[in-house]
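Shown next, in structure tokens, is the structure this report addresses.
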Amino acid sequence: MILAAGDGKRMKSDRPKALCEVLFKPMLKWVEDACRAAGIDEIWVVAGANAELLEAAAPACRLVCQTERRGTGHAAMMAAEAYRSGGDVLVLNGDAPFVEPQALRGALDMHRAQKNAVTLLSARLDDPFGYGRVIRGEDGAVAAVVEERDADEAQRAVCEINSGAYWFDAAFLAKALEGLTPKNAQGEYYLTDTVAASNAAGLRAGAFVCADADMTLGANDRRQLRTLNEIARMRVLERHLDNGVDIPCFDGVMIAPDVQIEHDAQVLPGTVLRGNTRIGAHSVIGPNSYVENSIIGADTRVLASYITDSTVGSGTRIGPFTQLRPDSHIGDGVKIGDFVEIKNSTIGDRTSLAHLTYIGDSDVGCDCNFGCGVVTANYDGNHKFRTIVGDRAFIGCNTNLVPPVRVGTGAYTAAGTTVDADVPDGALAIGRVRQQIKEGWSDRNINFKGGKK
């Protein structure tokens, strides 16, 4: 059960707090993914305002609404169906993205081995100020969770704190929630009171100490969210360093947690890698590049370019200032230079598009050469049409390809040509006005701009 009813008021956001992102991924998805990695299949999300946004972000979860927010205990009451069938129930916060699957499994194993009614996940902090303290009895069981404002001097000296995540025996949770009463001016119900309820019933409450204290961290405002982003960013970068990726300077480098990078690849400053992206061995990405949901082959260079939803082969050179828009598929050994834009097209192996070119809705063969300023005029205002260029074709500078059109294998187009009919294999297409020379023209037009003064 993921508690995600916070409205993000201090975030000053239109989104629920749990949908604010850490490394391009909503905090709710971090928590959901950790639960699934721990083997938890049935996940409930308790939502507040903008529940439809949470439902869209976590379609595999079951959603219930907390129309009025009256504390964590009240939120758990909203998902009563989740614990009516018995077994064990995990309750945790949707804005604490660093929860680890191993910690969830370890806490569950302890919960079952000790036959606890409730097992909370705790951590030990050097500075526990502001957190609820876990107070243990002589037998090591949890006697109470005491909030900072209610703690005495001895209790404040305790460094073990409550993370806000709990394993419950489902039958106990149902009964304990029925017995909760609000004890504050806001009329709120707190899950921490279930610890006292377990002790009062003669049942055991335990605590599993997590090795990673960061799992207790959440975010209530943009400053705290930035802190979470920086922690996550450093963890991801250091993981890639350990796996043999070269990141000589971390400045401006952001790599989403699901990105895969092979050994000896290099990521340079100002580079953003996100989504389902894979980078091959020995490739160099950056500086100042953006790659999203794309596959980059081995030994490929991407310099100051923008790539989304595309594939790039091995030994290819991209950039600077190239844009590969969705569904671009670039072969091996290709050269795509400055100010080239490609969209929904396939570029064959060893083809060169060196500069100032737009290729859209096209299939380009292998070993082709495109001169400067080539444009596929693929849109007539209503429909888009495809251009086909055969292997070893040579497309001259400032050629306009007006589809549907095919340039055959080994065919040439002269510079400045507008091609609006198929060019046979091996042919040369010339479609331009023949040059005329008018001798003495400027002498006769001395007032014309650019002529003699």
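In case you wondered, yes, glycine gets a Cβ from its N, Cα and C as well.
TrEMBL: automatically predicted annotations, no manual curation.
If you look up TrEMBL, you'll see 1-222 marked as region 'Pyrophosphorylase'.
Here TrEMBL flags 2-123 as domain 'MobA-like NTP transferase'. Averaged across the domain 'MobA-like NTP transferase' (2-123), pLDDT in this predicted model comes to 94.
According to TrEMBL, the feature UDP-N-acetyl-alpha-D-glucosamine binding site maps to 3-6, K17, Q66, 71-72, G132, E147, N162, N220, R325, K343, Y358, N369. Secondary structure from DSSP puts N220 (Mg(2+) binding site) in coil. The Cβ of N220 (Mg(2+) binding site) has R10, M11, K17, D95 as same-chain neighbours under 8 Å, each 6 or more residues away in sequence.
Annotated Mg(2+) binding site per TrEMBL: D95, N220, in sequence order.
Outside the region 'Linker' (223-243) by six or more residues, the chain places 11, 20, 22-23, 27, 97-98, 214, 217, 250, 253-257, 259, 261, 263, 267 with a CB less than 8 A from a CB of the stretch. The region 'Linker' feature in TrEMBL is assigned to 223-243.
Per TrEMBL, region 'N-acetyltransferase' is recorded for 244-453.
Take the CB of N378 (acetyl-CoA binding site) and look out to 10 A: across all protein chains shown you find 22 other CB atoms. Annotation source TrEMBL lists acetyl-CoA binding site at N378, Y379, A415, R432.
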Of N378, Y379, A415, R432, i.e. the binding-site residues, those within 10 Å of A5 (UDP-N-acetyl-alpha-D-glucosamine binding site) when Cα atoms are compared: none
Pairwise Cα distance for A415 (acetyl-CoA binding site)/Y358 (UDP-N-acetyl-alpha-D-glucosamine binding site) [Å, integer]: 16
Distance from Y358 (UDP-N-acetyl-alpha-D-glucosamine binding site) back to Y379 (acetyl-CoA binding site), taken between C-alpha atoms, in Å: 12
Binding-site residues: L3, A5, A415 - member with fewest neighbouring CB atoms within 10 Å: A415
Largest inter-residue Cα distance among N378, Y379, A415, R432 [record-listed acetyl-CoA binders, Å]: 22
Binding-site residues compared (Y358, Y379) - the one with the fewest other Cβ atoms within 10 Å: Y379
